Each structure stands twice: as C-alpha cells, then as structure tokens.
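Here's what TrEMBL has on this protein:
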type	residues	note
BINDING	Met57, Gly223	substrate binding site
BINDING	Arg132, Ser196	ATP binding site
Amino acid sequence: MSDDSSANDALGTLRAAIKQAVTDVHEQTPLAQSFTNFVTINLVANAQLAAGGTAAMSYLPDDVIATAEIAGSNYINVGTLLPFFKDALPEIARKLHENGKTWVLDPVAAGIGETRTFILESFRDAPPTIVRGNASEVIALDAMWGLADADSTDPTTRPAGVEAVDEVDAAIDAAKRVARHLAKHSPVGKGAVAVSGAVDLVTDGERTFRLPGGSAMMTKITGAGCSLGGVTATYLAVAEPLVAALAASLLYDRASEIAEVKSDGPGSFQVALLDALWNVTADQVAASDIIETN
Ligand SMILES: Nc1ncnc2c1ncn2[C@@H]1O[C@H](COP(=O)(O)OP(=O)(O)OP(=O)(O)O)[C@@H](O)[C@H]1O
Ligand SMILES: Cc1ncsc1CCO
Ligand SMILES: [Mg+2]
C-alpha cells in the first residue's frame, strides 16, 4: 500500500467502508436478485454465494418486482435476449425506479442490435444505481444515453460483442458522465460505474480509482464480468454504490490472483476462483492497492 499522504485520510475512510461491506455481507448474507444471461447464470449465483450472499434468478416482471421487495439489491444483465425482454426489461426498470430499489446493470454487448439498444436506451430515465461493464460497453452506453458533449467524439469506438476492444482508460470520461447521470436519478442519491479490464476503474463521477492486479485468466472463462456484476449487487445490498463497486472489483482482483496460482487451466481456474471468493478476507480486500486518479 503506498497512498499519497495528502489523500491518506480520505482513502483510509474508504478502506474502512470497504472492509465493513465485506464483513457485513458475510454476517448478513444479503439476497441480491438477478435477471441475467443464460450462459453464465450458474456462475453468477455461485459467486454471490461464495462472496457470502444469496441468489435468486427471476425473469417475469411481476416475479422480479415482488422479489425486489425482499432483496437487498438487484442485478440486470442483457447478455442473452429473448423476445419478451423488450417489454419486460423497460417495465422492470420503471417499477424498480418507482419503488426506490437499487440495481446493478451489466450492459453486455452494448451497441449491438436494435432490441438491445432499445432496452438499454429505455434505462436512461429509470437507470441502475451502478453500471458494471467493460470499457467498450461503458463507452457505448454513454453515447446511447447522449451524455457526451455534442462536440466530443470517439472515433475508435465500435460495438465489440461480449468482449472489450477498448482499453479501460479510453472509458474514463464516459464512466464519469454515466456515474453522474446515475447519481442524479438514484434512490440513494449516489451512483457508481465500474469498468473492468487489466486495471479496473471505479468512479462515482467525483472521485476515480484505478485498481491494478487480477488475472488474465479471467478472460479465459465466461462470466467473470457477469458474476462480478452479481457480486457488486450483493455488496450494494449493504453499502453505498462507490464502496460496493470498489469492494466487488477488489475481491475479484485478489481472488483471481489466488486462483491463477492454484489452477491449471480454465476449468480448474473457475473452481479455484469460487474457492478464493469464499476465502479472501475483508482485511485482504481492504488492504488492496487503490490508486486515486483524476
Ligand atoms: N488482462 C487482465 N488482467 C487482469 N485481470 C483482468 C484482465 N482482464 C479482465 N480482468 C478481470 O476480469 C474480471 C472481468 O472483467 P472483463 O473485463 O473480462 O469483463 P467482461 O468483458 O464483461 O467479461 P464477461 O463478459 O466474459 O463476463 C474483472 O475482475 C477484471 O479485473
Ligand atoms: C458468451 C456470452 N454470450 C452472451 S452473454 C455471454 C456471457 C459473457 O458476457
Ligand atoms: Mg461482460
């Protein structure tokens, strides 16, 4: 840990809140409900359990809205789309908003296809509390919601399937704009954006942090990002958005480092990742490198 001394107090407060969030999840086993893709649904639920929370997967609006009454937070991931999602997801977002419920969005493959674009655009005025995506997805969402200045363009950006083609740093300005937009509409008055990659980036629109570490093996299993979104919702059940996003991303970085050492390829890596999510301590998460940036 090598924090700049002038920033020590603020970072110290944040570390204490991160440690508290990890501890609270283990002590309170909060439920985070997920409406998530069919590729990685099992990993999402298992990762939420391994982090200390509980899971429930729902798809029909009345079921999602009823379950949200007993859940601490919620998670929506648009990775795989079915015809009814086009009506269901805008309705679910609107009702979560009306009912003052917090939720995390993973805008998987943002920018691809009319249906996905329609759904993601509908979230603009009933937005999530946290967006967790890769750089390409966050850049696409910022553009879709029209948050960028009219004169700023990013010619390198294009839809990227479910994998990122953009570097995390290319998404800093977009992430800050999206975070400020989320905060404006948030039921808890605050929002956050987590951009994953080799060095993760987390911002609440005011403060921005780089989180180094993790494992490149995360890109060799499916659902590392999806399950990180689910675990972010687990933490959002007990903590404010910035703390939840930081705690989840840091837990994933520490757990994936341990899993890489213990495993022998993608199959055993996924198993080792679940074990490590379970075994990493609140102190280990809170002691991680956190680099505040502009
Ligand atoms: N090159 C890398 N080195 C270290 N960690 C990485 C690297 N790439 C991704 N990660 C980690 O993997 C996790 C998921 O991030 P990633 O950017 O792969 O999400 P994603 O593209 O949405 O994944 P998916 O869609 O497959 O679920 C994060 O914890 C991130 O820190
Ligand atoms: C592979 C894949 N396809 C749709 S969602 C998903 C999981 C990773 O985002
Ligand atoms: Mg993804």
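Every residue, even glycine, has its Cβ placed from backbone N, Cα and C.
Whatever TrEMBL says is automated annotation, not expert-curated.
Positions of TrEMBL features highlighted on the structure.
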residue : record                 : CB count, 10 Å
Met57   : substrate binding site : 18
Arg132  : ATP binding site       : 32
Ser196  : ATP binding site       : 28
Gly223  : substrate binding site : 25
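For the pair Gly223 (substrate binding site) and Ser196 (ATP binding site), the C-alpha distance works out to 12 angstrom. Gly223 (substrate binding site) falls within neither a helix nor a strand when secondary structure is assigned with DSSP, and so counts as coil.
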